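Copied from TrEMBL, the annotated features are:
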- 12-21: compositional bias 'Polar residues' (COMPBIAS)
- 566-576: compositional bias 'Low complexity' (COMPBIAS)
- 85-529: domain 'Major facilitator superfamily (MFS) profile' (DOMAIN)
- 1-47: region 'Disordered' (REGION)
- 557-576: region 'Disordered' (REGION)
- 208-226: transmembrane segment (TRANSMEM)
- 238-258: transmembrane segment (TRANSMEM)
- 321-340: transmembrane segment (TRANSMEM)
- 352-380: transmembrane segment (TRANSMEM)
- 401-421: transmembrane segment (TRANSMEM)
- 427-449: transmembrane segment (TRANSMEM)
- 470-488: transmembrane segment (TRANSMEM)
- 500-522: transmembrane segment (TRANSMEM)
Amino acid sequence: MADQRGRVPTTHADSPSTAAETESKYEEASDIGTHNENPTGDADVSQEDREFYEKFGTYDRYEITEEDCYDELGFCFPTWKKWMILSIVFTVQVSMNFNTSLYSNAVPGISEEFGVSAQAGRLGAAIFLITYAFGCELWAPWSEELGRWPILQLSLFFVNIWQIPVGIAPNFGTILAFRALGGLSTAGGSVTLGMVADMWESDAQQYAVAFIVFSSVGGSVLGPIVGGFVEQFLAWRWNIWIQLIFGGATQIVHFFLVPETRTTIMMDRIAKRRRKESEENGKPLNLWGPNELTPYRERFSMREILITWIRPFRMFLTEPIVLVLSLLSGFSDALIFMFIQSFALVYAQWDFATFAVGLSFISIGIGYFVAWLSFIPAINRNEKERKSKPDDERAQYESRLWWLLYTAPCLPIGLIGFAWTSTGPPLPWVASMIFAAIVGIANYAIYMATIDYMICAYGPYSASATGGNGWARDFLAGVLTLPATPFFQNIPNSSNPNHLAYASTILFCISFVLVLAVYVVYWKGPELRKRSPFAQQLAGAREGVGGRRVSAVPGLYGSRHNSITSGSPAPGSRRGSVIRGASFASAQRTTSRRSGAAAY
């Protein structure tokens, strides 16, 4: 009945002054007010509506805004609580990426047991990555509608469940089917990065983003390090059981220690609690959460479900920021993924044991760690620049890419250096690992800078926006899983003593072009944002509330009626306080109307 309760009762406001006074009165309503309106004798007003009026003195429901409860939202969690949550989310992200890489060490055992080629066995890794790419896109928008906690719990539950059929698989087809389901069930970094936007304003988010990005890339390296020992000393199925043990433990910790952080969900709970407390005190409070104002049948109609699912794909295709940065990050990750597929071939030249090949991935991990540390002074510099130039658009956005200008060249440098130090003895193996670490620096830097930029630009919809980044990275890596090993074995041909070096040199040439794109994005960033309508709308809403993040905006990408919108309250509601994103304009209109009424 929200639509009936939301109707403003008929008034005798025939004169302009009366109309102005009436509208002004609504705009001056208190944050949690009991705005009295005399009921009319309309025949279509139900008994339920009359009871609502008798209790609250109005047919309107007052919708809570972030200003009403800002100190109770994730932005105001104590620092220790934020970092406790983030540390557990770090583990969640590691477990997700651990699943993508550990399977590769099961390929020899699968090949032997089921009589398939090693190339066919790698299909289990490829299909997981490809479906993981779509899983990130499908889960991400629902975390913005239903909350981060239930989505991550459901994702972890399904991923863990699908590990069991893979671990007891009687045939190769079962492995492929449930690996596909496992990838599709993985929510990925889009949701975990969305939690950063829930707890940090854009000006203070960078340390948190850097931490979560490290968990994402670090999880991929942890897989082969652990997998090397499993492959050499245990049966192949232990690769699957270790994934399940890690995932199960992670889900339990997340279940008990991580609260909900999504702003709109927290606002619903705050409104319910305040109503309950006010009723116990004998003074019912007419205050409602954004998700309480639209019935479930409307929120989750087939049309709304399709709009929600399509949102990340639409943003990927129609928002130039999302498209350009996602493709840059995706192709970079795909190149690096192909590069690390050569490790087994490269270090076999130095007679590395299986577990030693796995340990060689520590070099990339060291590169990730060095890159993470290098971003700390870069972030400090960036924060100072933003504070000193609050009105400079480039300082607020493009400055987040500044350190990437210096670290992105590590990608071609690392690849060409690795290429010509990976030709085997008499060159020392450590030389190739040094260049592998340099490649790791570039991979982390590209992921970190592009993700930070996108979260800043898309705030509450960062899960959908970064979903495009994750999709590009995982999809391209998945597609290149199968040709990667033959690429290194057969270019120009396996009999050529430098064939591994030639293959890596080709990757170097491609990476050189990608690095040039970094500088184009840096200098053309303002133009890309102007062509990104949703990013512009979010920026405008943010300016209207003094630079704070808004939890949603109306219109473009399936923003719901029940969201906290910029100047567009939900059906059946009246805003309890100044509307986010329209406060200044609203104040101007109120002032002008008062002046007009007085003059009249």
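Any Cβ shown, glycine's included, is placed from N, Cα and C.
Where the annotation comes from TrEMBL, it is an automatic prediction and has not been curated.
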Cβ-based contact of the transmembrane segment (401-421) with the transmembrane segment (208-226), 3 or more pairs under 8 Å: no
Selection from 208-226, 238-258, 427-449, 470-488, 500-522, the stretch that has most Cβ pairs under 8 A to the transmembrane segment (321-340): 470-488
Outside the transmembrane segment (208-226), six or more residues from its ends: residues with CB under 8 Å to it: 82, 86, 89-91, 93-105, 189, 192-193, 196, 199-200, 242, 340, 343, 357-359, 361-362, 364-365, 368-369, 372, 375-376, 379, 440, 443-444, 447-448, 451-452, 455
PLDDT averaged over the residues of the domain 'Major facilitator superfamily (MFS) profile' (85-529): 89
